[in-house]
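First up is the structure itself, then whatever we jot down about it.
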Amino acid sequence: MTKYVFVTGGVVSSLGKGIAAASLGAILESRGIKVTHLKLDPYINVDPGTMSPFQHGEVFVTDDGAETDLDLGHYERFTSAKMAKRNNFTTGQIYDSVLKKERRGEYLGKTVQVIPHITDEIKDRIKAGAEGADVAIVEVGGTVGDIESLPFLEAIRQMGIMEGRNNVCFMHLTLLPYIPTAGELKTKPTQHSVKELREIGIQPDILLCRADRSIPVEERRKIALFCNVMPEAVIECLDADSIYKIPGMLHEQMLDEIVCHKLNILAKAADLTVWENLIVALEHPLHQVKIAFVGKYVDLTESYKSLIEAIKHAGIHTRSQVNIIYLDSEDIEKNGTGVLEDLDAILVPGGFGRRGTEGKIAAIRYARENKVPYLGICLGMQLAVVEFARDVAGMPGAHSTEFVQDTPYPVIGLITEWLDASGKIEKRTEDSDIGGTMRLGAQVCKLGEGTLARSIYGAPEITERHRHRYEVNNTLLAKLEEKGLIVAGRAPGTDLCEMVELPADVHPWFVGCQFHPEFTSNPRQGHPLFSSYVKAALANQKAKGK
C-alpha cells in the first residue's frame, strides 16, 4: 500500500517546497524506499506550456511529452523516479475532466460541486500518480490561505482520514523572517500559517522552518508548543549555497527518521555517500571556465533552470567551476560581440519569438569564426543553421519561417508531420492551437558514424526529449551539407534533422541539437553532451594560454 507525505507551504511563496520534497525523496530512496513525486498546481491554466517564462519559469518536459512545472525537474534530478503526465496536474485539468464527465452523464444528473466532485477527482489523480510507489511525496503548490488551493487542501485532508493515520504525513514549509530592528527571528507568521491549516482540518506533523540564521532552541520549543508538533519535528532549513547540500542538512536533523516513524516504515539506514561526494567535487574544483549564456530571459534564470543545473552537473563531473556569464542577446544586437572575447565557450539555449534572434546569430557567427566551442540547444541549433546558411552556404536572408514568413531561404520551417512517442502520426498547420501542439517528449535519434556526436554519446542511437514546432527544412538541407554542415543525428522514420556539427578540421567543437539534453541530466551521472562541452571549453582555455 502506498503511503503519502503531503508538502504544503505558508507565509510566502517560493520558499523551496520543491527542493524540500525532492531532498526528502533522495534520503528515503537512499534507505531503499521506492518513492515518487506529484506536484498539484492550483492555477487554472491546463499546463504551463503557454505561460510566459517570466510568470512561471521553466517548462519541464517529461518522457511522455507532458509540459510540466519546473519542480518535476528537481524530483528527477534528486531521485531515480521518472516523472510523467500523471505526476503533475492543475486546477484547469481537474475542472476540464469533471465538466467532460458531467457532459457524458457520469454523475447521473447530480448537482456537480467542488465537494465532493472536484475533491474526488483530485484524490483519484493523486492515487493514480502514486501507484506502484512505497511513498508518494505530494507537493501542493501555492500558499496556505490562497483561495485557489482550498479544493486541494480539502482533498488531502480527506485522504488523511481515508488512508489511515500511519499512512499519511503532513509536512509544512514556512518562513521565520529576521527583523533587524528587533534583532530576532519572528515565529508569529508561522503560527498563523499553521492556524490556517488547522482551521481547514490539517494538523502538520512536521514543520520545515526556512531562516537565514540558526533558530534558537527556545524559539523551536515555542513553535512546537504553539503549533502542536513535537519539538524534534521542528526542522531548521537554513539558506545553502548549493541545493545539493539540502538532503544532508535534513538528514542530520533526522527528517527521514521522523517520516518513517510516522508512516510506520522499517527501512535500512540512509546512505548519502553519493551526495557527500558530489559536494566535495563541487567545493574543490581543479579548473575554472567561463561560459557565455546568450539568451532572451537572462534576467530570470529560473526560465533555464534545468539547463543551468546541467551545466553545474558537467562542472561536477569534470571537476570544474563553471562560471556562467549571462548575456542578453538584445544587448549583443545593439553593442556587438566584444563581450564574448574573454570567454571560453558560448551557449545559445532554446526560446520562442523573434526578439533578440539577430544577437544570438551574431554570437553564433563569432563562435564559428573564432573557433570558440559552441553548443546550440533547440532554437540555438536552428539559428546555427540560419547563420551557416547566410554566411557560409551563400543564402542571404536565410531565416526561420517562425520569424520571417517570406524569407527567400526558409532553412527552418514548421514541422507538419512526425511520429509521436507511441508511433502515432502527429500533424500540425500554422493555424493549430499554441498549447500542447509541439513535438514533445522522448524521441529516438540515430547518430552518424564518425561524427563528434557519436563519439560523445558512445552509442549509435540515443533518446532525448523535445519541445519544438520548427525543424530544419529538409528541402534545403542538401545544399547546406554540400557547404560543409554535418547532419550528425536524424530521427528514424521521418528523417528530421536532430543534430548538426562542423567538421573537426573546420572547428574543434561546434554542436547543435534540436532536443533538450538538460532534461535528462542529473548530478549523479551528469550528461555526456554537457561534460564534453565543458571539456572543450577547458581545451580552448588551454589553447589560448590562459
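Keep in mind that glycine also has a Cβ here, set from the backbone N, Cα and C atoms.
Taken from Swiss-Prot, the feature region 'Amidoligase domain' applies to 1-265, supported by sequence analysis. The UTP binding site annotation in Swiss-Prot covers S13, K186, T187, K188, P189, T190, Q191, K222 and is backed by sequence analysis. Marked as CTP binding site by Swiss-Prot on the basis of sequence analysis: S13, D146, I147, E148, K186, T187, K188, P189, T190, Q191, K222. Among the features that Swiss-Prot reports, ATP binding site is placed at S14, L15, G16, K17, G18, I19, D71, with the record citing sequence analysis. According to Swiss-Prot, the Mg(2+) binding site annotation covers D71, E139, on the basis of sequence analysis. Taken from Swiss-Prot, the feature domain 'Glutamine amidotransferase type-1' applies to 290-543, supported by sequence analysis. Per Swiss-Prot, the feature L-glutamine binding site maps to G351, L379, G380, M381, Q382, E402, R469; the stated evidence is sequence analysis. The active site, nucleophile annotation in Swiss-Prot covers C378, and the record cites sequence analysis as its basis. Summarising the annotation, Swiss-Prot assigns active site to H516, E518 and lists sequence analysis as the type of evidence.
Neighbour counts were taken as the number of other C-beta atoms within 10 angstroms of each residue's C-beta; across the recorded positions I19, I147, C378, L379, the minimum falls on I147. Each of the binding-site residues K186, K188, K222, R469 was scored by the number of other CB atoms within 10 A of its CB, and the lowest score belongs to K188. Within the same chain, the residues at least 6 positions away from E139 (Mg(2+) binding site) whose Cβ sits under 8 Å from its Cβ are V7, K17, G18, A21, H37, L38, K39, L40, D71, listed in sequence order. Each residue contributes its Cα atom, and for K186 (UTP binding site) and L15 (ATP binding site) these two points are 16 Å apart. The Cβ of H516 (active site) lies under 8 Å from the Cβ of V61, S306, L307, G350, I377, C378, E464, R465, H466, R467, each on the same chain and at least six residues away in sequence. Note: the Cα of M381 (L-glutamine binding site) and the Cα of E518 (active site) are spaced 14 Å from each other. Considering only the binding-site residues T187, P189, R469, the residue whose Cα is spatially closest to the Cα of L15 (ATP binding site) is P189. The domain 'Glutamine amidotransferase type-1' (290-543) scores a mean pLDDT of 91 in the predicted structure.
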